Amino acid sequence: MASALEELQKDLEEVKVLLEKSTRKRLRDTLTNEKSKIETELRNKMQQKSQKKPEFDNEKPAAVVAPLTTGYTVKISNYGWDQSDKFVKIYITLTGVHQVPAENVQVHFTERSFDLLVKNLNGKNYSMIVNNLLKPISVESSSKKVKTDTVIILCRKKAENTRWDYLTQVEKECKEKEKPSYDTEADPSEGLMNVLKKIYEDGDDDMKRTINKAWVESREKQAREDTEF
């Protein structure tokens, strides 16, 4: 039952993360319904566990373990990272984390993700889920370290001596979308014209007048230069 509760809790946390990031109404409605179903199932299983009695009257009941608080989990969004030839290292600052029991700091790795859960730190739980890592990692060789007020997640690179420019594939795609696209075989002036055209379309009246004036002056200068030859 304990493993089922843990799996439901992980499902709930992931749905919450997706819900926070989603903007489409249809997707949000679907995720909201799924969140309600998981919360209901989680409550039912916790009630079943608390009501379960020993099979024999003379059997001592097992020690009651406080369930993971479901109502107050803090999403970790601030972190830093760097890399070596073998590892990508993620640094998360959590005041007092070195004082909680070691089993309260859990990290689950897959080839392209990791899931950090810190239980009962100053009465709160802390969660960080990172999916779609830029490149594959070795699950068996990845690990964590707990230092003073800091958790360090060590993702072992599957391909050593390779550089990660970004932590996740999503971050890479977002950054590349921000870069202007250049066609090396195209006329350089055509790229400039496309940029000016976009500025003109998005600009206000003053901007459009400025671009028109610059365009006319440029054409007049070109015409004068042509007549000199």
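Think of each number as a place in line: the chain as shown, counted from 1.
Each residue, glycine too, has its Cβ placed from N, Cα and C.
The domain 'CS' annotation in Swiss-Prot covers 74-168. Marked as domain 'SGS' by Swiss-Prot: 169-229. If you look up Swiss-Prot, you'll see Ala2 marked as N-acetylalanine, on the strength of similarity to another entry. The phosphoserine annotation in Swiss-Prot covers Ser3, Ser36, and the record cites similarity to another entry as its basis. Look at Swiss-Prot and you will find Lys10, Lys21, Lys86, Lys119 tagged as N6-acetyllysine. Summarising the annotation, Swiss-Prot assigns region 'Interaction with SIAH1' to 2-81. Sequence annotations record features per position, and here Swiss-Prot assigns region 'Disordered' to 38-59. Residues annotated as region 'Interaction with SKP1' in Swiss-Prot: 74-229. The region 'Interaction with S100A6' feature in Swiss-Prot is assigned to 155-229; the stated evidence is similarity to another entry.
It is 14 Å from the Cα atom of Ser36 (phosphoserine) to that of Lys10 (N6-acetyllysine).
The C-beta environment of Lys86 (N6-acetyllysine), restricted to residues of the same chain at least 6 apart in sequence and closer than 8 Å, consists of Arg156, Lys157, Glu160. Close to Lys21 (N6-acetyllysine) in the fold, though at least 6 residues off in sequence, lies no residue with a CB less than 8 Å from its CB. Lys86 (N6-acetyllysine) falls outside any helix or strand according to DSSP and counts as coil.
Rounded to a whole number, the C-alpha distance linking Lys119 (N6-acetyllysine) with Lys10 (N6-acetyllysine) is 13 angstrom.
Mean pLDDT, taken over the domain 'SGS' (169-229), works out to 69 on the 0 to 100 scale. Secondary structure at Lys21 (N6-acetyllysine), as computed by DSSP, is helix.
DSSP states for the domain 'CS' (74-168), grouped as helix (H, G, I), strand (E, B) and coil, give 6 helix, 56 strand, 33 coil.
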